[in-house]
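In what follows, a single structure is set out as structure tokens and then discussed.
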């Protein structure tokens with residue numbers, strides 16, 4: 001009888017970020033600039049690494065794949081978010097929501113594991129430089145990449161297993177600009193406290209475990225270098241600085257989200273914007289800004305593109 005009195009929800013409504021037209025315009029400009037910058041920056045890294053024979057090394061192979069992950073991650077939320085800014089009814093189908101959740105968690109999990117692989121690459125380069133190319137051979141690099149994607153996809157499938165069979169009978173409003181899984185689950189017609197806890201625990205585990213492994217790895221590298229040479233620690237820290245900054249950018253919002261005792265809608269939205277729009281732009285900037293070899297290669301690639309354009 002109860003089921004007959006409820007209609008099954010087939011689409012969800014995003015409440016968005018603001019109803020003010022002026023703020024919407026500012027957000028449109030802000031998100032558009034950052035999204036286009038993210039696309040151009042990460043694509044430039046991928047094209048530069050794949051086309052320049054001087055950059056055919058394990059470090060740049062992993063960096064190019066991180067850029068691909070950034071492209072997929074920001075494209076899973078940013079285009080719809082920009083498209084919805086001026087729409088009165090910001091809707092998404094149940095299937096669209098499931099697809100968005102899958103990509104967000106699959107790519108996010110893959111990125112975390114790939115950062116661990118990049119930390120291992122730095123460990124070998126700094127602590128075992130003579131054996132670097134032997135240890136970080138092409139087969140091992142591909143293995144790292146495959147394992148990263150497998151773990152990311154498994155993590156995402158586990159998350160989806162909690163929600164694909166849920167019944168949604170109303171309300172259907174999400175106080176967000178994308179399919180935020182914890183908020184999505186709360187709209188189900190059943191008691192969702194336990195389910196929400198399991199989903200949060202799954203994401204929290206992979207995030208915290210990856211973060212701890214990375215921090216321990218960086219500390220181990222610095223301690224190892226310190227034992228060999230007191231002066232070498234500054235060079236090691238210089239080589240690791242970009243990686244540490246990226247780790248803070250990736251994991252900072254996640255850790256703050258999980259440990260902050262009084263989460264709010266505004267805080268969650270800010271962290272989501274930072275993670276989805278700003279971080280994918282900063283990653284290529286941070287990794288290339290202090291890398292002279294990469295900067296020279298990117299300038300060379302841009303010059304070739306400009307010269308090619310002039311011909312036509």
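Backbone N, Cα and C define each Cβ position, glycine as well.
Considering the side of the membrane named for each residue in Swiss-Prot, residue 96 and residue 193 coincide.
Segment annotation: Swiss-Prot labels transmembrane segment over residues 140-158 (candidates 121-139, 140-158, 159-177). Local packing around the disulfide-bonded residues 97, 189 was summarised as the count of other Cβ atoms within 10 Å of each Cβ; on this measure the leading residue is 97.
The list of residues near the topological domain 'Cytoplasmic' (121-139) in space but at least 6 beyond its ends in sequence, with Cβ under 8 angstroms from a Cβ of it, reads 58-59, 61-62, 217, 220-221, 224-225, 236, 239-240, 243. Outside the topological domain 'Extracellular' (159-195) by six or more residues, the chain places 6-9, 11-17, 77, 80-81, 84, 90, 92, 94, 96-98, 100-102, 104-105, 202-203, 265, 268-269, 272, 276 with a CB less than 8 A from a CB of the stretch. The stretches the transmembrane segment (140-158) and the transmembrane segment (58-79) meet in space: the count of Cβ pairs below 8 angstroms, excluding pairs fewer than 6 apart in sequence, reaches at least three.
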